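Everything below concerns the one structure shown next.
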Amino acid sequence: MESNTSDGKWDSLPVKLHDSILQTLSELGFTFMTPVQSACIPLFMSNKDVAAEAVTGSGKTLAFVIPILEILQKREEKLKKMQVGALIVTPTRELAIQISEVVGRFLKGFPQFKQILLIGGSNPIEDVEKFKTHGANIVIGTPGRLEDMFRRKADGLDLASAVKSLEVLVLDEADRLLDMGFEASLNAILGWLPKQRRTGLFSATQTQELEKLVRAGLRNPVRITVKEKGVSASSVQKTPARLSNYYTICRTEEKFNTLVAFLRQHKHEKQLVFFSTCACVEYYGKALEVLVKNVTILCIHGKMKHKRNKIFSEFRELKSGILVCTDVMARGIDIPDMNWVLQYDPPSSASSFVHRCGRTARIGNQGNALVFLLPMEESYVNFLSINQKCPLQRFPPVKDVVDLLPKLKALALGDRAVFERGMRAFVSHVQAYAKHECSLIFRVKDLDFAALARGFALLRMPKMPELRGKTFPDFKEEIADTDSIRYKDKNREKHRQKMLAERRERPATVKKNFVKNKAWSKQKSKKEKKKKLAAKRKLDEDSDMDDEDMKELLNDTRLLKKLKKGKISEDDFEKHVTSGDKSKHRKTLSPHEESSEGE
Ligand SMILES: Nc1ncnc2c1ncn2[C@@H]1O[C@H](COP(=O)(O)OP(=O)(O)OP(=O)(O)O)[C@@H](O)[C@H]1O
């Protein structure tokens, strides 16, 4: 089936839709159904479980929202205030908000039903109170918060009882939800739900693994697949037909300059720029704010706590602008009039590639996507075309590329915060690169680290396990003593100076043991200590990491590895491990992973 909006009018369905639904559809100006809607709605309404795969932006949301409303309003026994009839689970908050807006629009015609949004970023106690006061028949949420809500019996919310009347469960972006990252929460949630229910799995890249479908509780599901006919070939492609999908090949040192030149030439358009990690968004996003003038630039990633919803809504309203983001924006997000999807870093999986591109060229509109590849990554183009049915064309060379890396370096020299962001971004990028699903093409061992560091405009090479034992004659350190780089923020700098002075005053022997005795106190079990060290290794975006912290963490990580390999004893480990006392402030080595970016 080709994905367009002319798959018949709503009254051509074998089932008649409720007048209120038809009324809302007419208000929205949706005269025709899309293929996924005409296929799913009657099946889902007739007691079947469905697993639907349809290209991005093909109207999957209504393919489950309409049946949910039909099923709930047809129930013989009307739902009470605290009875949940439908549960929609999504991997990200933004997607949950978006779905709740769609549901809200249709609920105007069904005032008897209430919906509630249960997502991260808000106060869970407020959610509990809201639920208790207003009740909810349709729940939309992200796995972490939903699981949390199920466990809040002590706060007076018995969600497990409320879902006993559940008729429909929808997993939107099902393949992502059934991934490892959400496994624990999702299993817990599924465990609370009644077995007798309809289940729908929706995605542009559906899971083909039967065992996953079974885990989601699907009984003999009807599989619905709606793909696009390829423009050139007679093949069926996974991306929308009206998407112009490009790639460009840049050397590492040219990549950022090319991006800036491109963005400067497309200021009147709306664009998403994907990076692989939160730390890269923080670093490059801020750099773009300085280097691309007279255009709104916003940044969003999964480690942002409260600002996220506001940023997302702000960007949706813009006529033109740039949203620098991680894969938290890759799936399901429906931003009107998106002109370009730029992938500065290729995504960690082929399915992400399809979803990222799908933020443009939605519902029959024109759109463009461009992925930046290094020369050694060119075979990714073939891989996408053959294995993923996602053909790309080479983008004509970007004009007026100027070298802005010296400017970026100057920014780092002028503010320690920029310097640290750059180091963190580099480390996270390398570690994310090593985790690429397509590891035959994205080979970390083939990365030219010196060139990469030049491309990141770093002042010196960071210390990280991947670079251990290597020398980089092609990388010129910009500054011998990075301690001399000051924070622009006066208070932060004052605090740093104080810490430096304290460190200088501390005798060398005490230095090692002083903090150690505090945090790694004798009372703590060895297991606990190891757990704490593992926790320290998870990146905490809100704190700072100075050079000393970085060294200590490297030391700790090295020791932990040795301990695991049996090269040192537990006693040796304890003797040499540095303290965790500063862990509140410290950064870690590991990247800002986006693998469990949801929520
Ligand atoms: N029948 C229709 N006629 C016109 N527009 C529609 C119709 N159905 C949905 N739309 C619009 O199409 C856009 C894309 O729909 P939706 O977000 O449901 O796509 P999707 O298939 O879920 O995409 P993704 O795979 O990216 O999650 C939305 O703006 C929606 O309002």
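Just so it is clear, glycine is given a Cβ too, placed from its N, Cα and C backbone atoms.
Those TrEMBL annotations? Automatic predictions, nothing curated.
Note on the motif 'Q motif' (10-38): residues 1-4, 45-46, 52, 54, 58-60, 62-63, 66, 69-70, 73, 105-106, 108-110, 224, 226, 363 of its chain, located 6 or more positions outside it, place their CB under 8 angstroms from a CB of the stretch. According to TrEMBL, the motif 'Q motif' annotation covers 10-38.
In the domain 'DEAD-box RNA helicase Q' (10-38), helix, strand and coil residues by DSSP number 17 helix, 1 strand, 11 coil. Taken from TrEMBL, the feature domain 'DEAD-box RNA helicase Q' applies to 10-38.
If you look up TrEMBL, you'll see 41-224 marked as domain 'Helicase ATP-binding'.
Predicted-model confidence for the domain 'Helicase C-terminal' (242-403) is 95, expressed as mean pLDDT. Annotation source TrEMBL lists domain 'Helicase C-terminal' at 242-403.
Taken from TrEMBL, the feature region 'Disordered' covers 486-550 (among others).
Note on the compositional bias 'Basic and acidic residues' (499-508): DSSP counts are 8 helix, 0 strand, 2 coil. Here TrEMBL flags 499-508 (among others) as compositional bias 'Basic and acidic residues'.
Summarising the annotation, TrEMBL assigns compositional bias 'Acidic residues' to 541-550.
As annotated by TrEMBL, region 'Disordered' applies to 565-599 (among others).
Among the features that TrEMBL reports, compositional bias 'Basic and acidic residues' is placed at 567-582 (among others).
Taken from TrEMBL, the feature compositional bias 'Basic and acidic residues' applies to 590-599 (among others).
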